[in-house]
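To start, the structure itself, in structure tokens.
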Amino acid sequence: MTNTTGKINLLGLTQPEMEQFFESIGEKRFRAGQVMKWIHHFGVDDFAAMTNVGKALREKLEASAEIRGPEVVSENISADGTRKWVVRVASGSCVETVYIPQNGRGTLCVSSQAGCALDCSFCSTGKQGFNSDLTSAEIIGQVWIANKSFGTVPAKIDRAITNVVMMGMGEPLLNFDNVVSAMQIMMDDLGYGISKRKVTLSTSGVVPMIDKLAEVIDVSLALSLHAPNDELRNQLVPINKKYPLDMLLAACKRYVAKLGEKRVLTIEYTLLKGVNDQPEHAEQMIALLADVPCKINLIPFNPFPFSGYERPSNNAIRRFQDLLHKAGHNVTVRTTRGDDIDAACGQLVGQVMDRTRRSERYIAVRQLGSEAQEPRAAANRN
């Protein structure tokens, strides 16, 4: 998977970057739109198949560029229709992409990193350690692979993929530039034309990057909350020690307010038996979210080996949901999908090569500080 050709991978370029590329090889900017449609609308990875592109330009493209997605290692289909792709990226690690069909829509859950540095105690991805950020081509390549698998082009109706959630392996905000570029392609009509309201980024709470996100792109935001107080969240989601709840929720409120249009924050809360599922936790959550425009998604824990956690009983789940409902919150309980192929929330593992030691997993968080990262060059998005 490593690019040893020196060619630029067009799969991960946004429209402005694609236009710059064509100018750099002495071509008109409009060629960007032609080629992007071939790549994203029709899943083409061979320049020779681009019939409205002249032979001379096709030869020039062959010499300087390529269209290269991640390598599909396996595809599994659950009894409930959920699909999971395991794909190998340039680092040699494998990451997972999940498609969930439900109620007339199709949601694609996309990974942003091979492994994860945040080490949330109830998440199987965190147990794998951290290997590498995915490039923008490797992120959008998951959408490209899934779209090709369904044999569809992104028409406005009857499309298989209607929603994309950055909720797969990794913390998206720790791979900021590549994730933003991939989401821009998802929403671009030359890409997949998905509505900004139907592209969702989920974060465990990298506060400086939440503020930066609001400056550069308009997508829906989800917060992996999982605990209603700092003491418990420090144990479950260790990044909370750096960005505690008051700081985190203030950033989320700023983000939602900046977008306007009656947008709300999605709160994700994994229910763990005897840990965060008691009535007092629901009451604390009600108080915590009193002034936060949000909807709440409760996620019963999906077991994985040696996790040390259990799924609450159905009665405990209903009790927790009812308490939140009575306080006026919009609350849903996520239906477990794809657990027979290990594709349920929190079960994504992949195969992370050269895993870092646990003590090293926080390097990215420690180095982040309060400064926004400088944009990376498009050449690093291969």
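Placement of Cβ uses the backbone N, Cα and C atoms for every residue, glycine included.
Residues or ranges marked as active site, proton acceptor by Swiss-Prot: Glu96. DSSP gives Glu96 (active site, proton acceptor) a strand state.
Over the domain 'Radical SAM core' (102-340) the predicted model carries a mean pLDDT of 93. Swiss-Prot lists 102-340 with the feature domain 'Radical SAM core', giving sequence analysis as the kind of evidence.
Long-range Cβ contacts of Cys109 (disulfide bond) within its own chain (separation 6+, distance under 8 Å): Thr97, Val98, Tyr99, Ile100, Val165, Met167, Gly168. Under the heading disulfide bond, Swiss-Prot lists Cys109-Cys345.
Under DSSP, Cys123 ([4Fe-4S] cluster binding site) is assigned to coil, being neither helix nor strand in the three-state scheme. For Cys123 ([4Fe-4S] cluster binding site), the Cβ neighbour count at a 10 Å cut-off comes to 26, with all displayed protein chains included. Marked as [4Fe-4S] cluster binding site by Swiss-Prot: Cys116, Cys120, Cys123.
In sequence order, Val95, Ser111, Ser112, Gln113, Ala114, Gly115, Cys116, Thr125, Asp133, Leu134 are the residues of the chain that are 6 or more apart from Gly170 (S-adenosyl-L-methionine binding site) and have a CB within less than 8 Å of its CB. What Swiss-Prot lists as S-adenosyl-L-methionine binding site is Gly170, Glu171, Ser202, Ser224, Leu225, His226, Asn302, and the listing cites sequence analysis.
What Swiss-Prot lists as active site, S-methylcysteine intermediate is Cys345.
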Problem - Fewest other C-beta atoms within 10 angstroms, as judged across Cys116, Cys120, Leu225, which are the binding-site residues - result: Cys120
Exercise for the section: Have a look at the binding-site residues Ser202, Ser224, His226, Asn302 and say which one has the shortest Cα distance to Cys123 ([4Fe-4S] cluster binding site). Expected result: Asn302
Completion exercise
Neighbouring CB atoms within 10 angstroms of the CB of Glu171 (S-adenosyl-L-methionine binding site), all protein chains considered, total 29
